[in-house]
């Protein structure tokens, strides 16, 4: 008689324990054990956090242990049980680990492979091959694609959070009740007295301070004090909530007819606007033509002057908002949107400042170009309109589409095409934790018709849907690759654009993440042929392209992967988008958007179509009323909070991998991230406004809020 010692670890989640019967079957290459009842409910084992051991007697030699089957059967009443792992000590003294980290619901069962990751071409035993295929067949029936809105990335086929598979639900649905959380935030911020005061305008800009009775921090207070300044306005394009739009401008678009005479008072290098725009190409060509390649001391000085002193014009274009319907869910309050174009300049103090704003995509007499030299309130109102437009793009495109919806799409394809034993599944699982759940809850309460988004946002009531549909037409896979996204906007030169902390910190986190992904993937893929021969990884990539992105030809998502380097980059995009990119554009929302005039969620008067009309009274009538301000403040506060027991980048407490080489790669990753965190802390000690959104110890592993 052979004796196996089976150790079962129950999860720490609430309600993770069970009073049901738990049976186990050991499956070897030679034989299966009989189904064994591990314990009886009256013994009160399998409580939350418990680790219990049992002896399983087997009459015959099982051979190499390959599978463990766990079954749960009802005792008194049906409940769910969360199993972390099973460890089996064989008669020879070998310990075999079987990671689980899953819920057993109702009378369901789960079949576990040992913890060593394997590619499909490496499985030779017929039992494990069959189990691998069966697992994927069940997953594809469980995780189904659904089009929530036409033109959106595909999402999960579930209308409510409670309809999701138990394994991807939040531990407690109360944690993600948007209505409850926002209402609680409003009460905690002591703004509940304004909550229902829709249509009631504030009297003065200073009145917005009355909603800051509880929570302030250094960044918020600095924004409140300096938000009117042009330098603060410009700084946010680099390091605010939406640092992904600004791009270098080499030629003014025809739709923005700015002349040198308009902006000359804002340029401080004694160069014309045309020289500033064209120097990178024209002036350098003329210099080489005149002087050839003989570099004297004088020639070098002249070249450096033209090369480094010019090329300081940048642009932000909000053309995606053109034609988008403004919120009309409240018949008592008309709301408005604009699609501005903002021209920016890097001055000799290396500060980015606005030099021209047009609030329309169509030039003409009804679309004046506002300038810093205009009347104070004209210029201030124009900047407020840009900030409001930036808020709309940030929330709907940068945040919702390019992190939440894209991460969900990757997650669904992963569950459908990769079994638990696949190394890519093990790698990605921590980075899709709760993502499908938070998105489902958002569709249920936040961005649905009549949801919270409609209460305060100018693109509520359907405009946000139009905006995502338009943005999807220009979304490409390459734009999700962080270095490419920076280069596409010609913002990659540190000397030309210093103090772009989003770029600098993002590069470091991207490289650390890519190095970690490479270290892990190189363990399993020794060459490009191993990637090409992995049918499961090819099916995963194809599912993303053909179904997730609905086979869009313009998106450029790969339909197959031909090399190990392509695989590493693809997985780095997934991990970085879900962790660092989401952190960079999400957790600064309270810092930058809670001061309402700096990020108005809606505007109640149309954008000015001529100069000289703006007054303080018009600005107050344009900004959100008291009720919408309250909902906005509660929203940005709630969205900026970390989850309880948050797991940050590099933290992998669930041991899906058991191989020593992978664990060593994880430890190397953690050390590199710790070094990045420390250097950012040191840098921020000297800053009036610290930039900590891409500090690794503040980057959650996944999109979960």
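Cβ coordinates are placed from backbone N, Cα and C, and glycine is handled just like the others.
According to TrEMBL, the Ca(2+) 1 binding site annotation covers 17, 79. The Ca(2+) 2 binding site annotation in TrEMBL covers 39. Marked as Fe cation binding site by TrEMBL: 399, 404, 582, 705. Feature annotation from TrEMBL assigns domain 'PLAT' to 2-118. Taken from TrEMBL, the feature domain 'Lipoxygenase' applies to 117-705. Sequence annotations record features per position, and here TrEMBL assigns site 'Essential for stabilizing binding to COTL1' to 103.
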Open item on the list: If you compare CA-to-CA distances from residue 17 (Ca(2+) 1 binding site) to each of the recorded positions 39, 103, 582, 705, which comes out shortest?
Closed with: 103
Open item on the list: Please count the residues of the domain 'PLAT' (2-118) that DSSP assigns to helix (H, G, I), strand (E, B) and coil.
Closed with: 3 helix, 63 strand, 51 coil
TODO: Quick one: pull the CA-CA distance for residue 39 (Ca(2+) 2 binding site) versus residue 103 (site 'Essential for stabilizing binding to COTL1'), whole Å only.
DONE: 18
Task: Residues satisfying Cβ distance under 8 Å from residue 103 (site 'Essential for stabilizing binding to COTL1'), sequence separation of at least 6 - done: 80, 81, 82, 166, 167
- [ ] Enumerate the residues of the same chain, 399, 404, 582, 705 excluded, that satisfy the criterion Cβ within 8 A of the mean position of the Cβ atoms of the recorded Fe cation site; list them in sequence order.
- [x] 400, 403, 438, 585, 586, 639, 703
TODO: Please report the number of other Cβ atoms within 10 Å of the Cβ of the residue listed as 'Ca(2+) 2 binding site'.
DONE: 15
Task: Pairwise Cα distance for residue 404 (Fe cation binding site)/residue 79 (Ca(2+) 1 binding site) [Å, integer] - done: 31
- [ ] Report, in whole Å, the straight Cα-to-Cα distance of residue 705 (Fe cation binding site) from residue 79 (Ca(2+) 1 binding site).
- [x] 27
Open item on the list: Test of understanding: give the count of other CB atoms lying within 10 angstroms of the CB of residue 582 (Fe cation binding site).
Closed with: 25
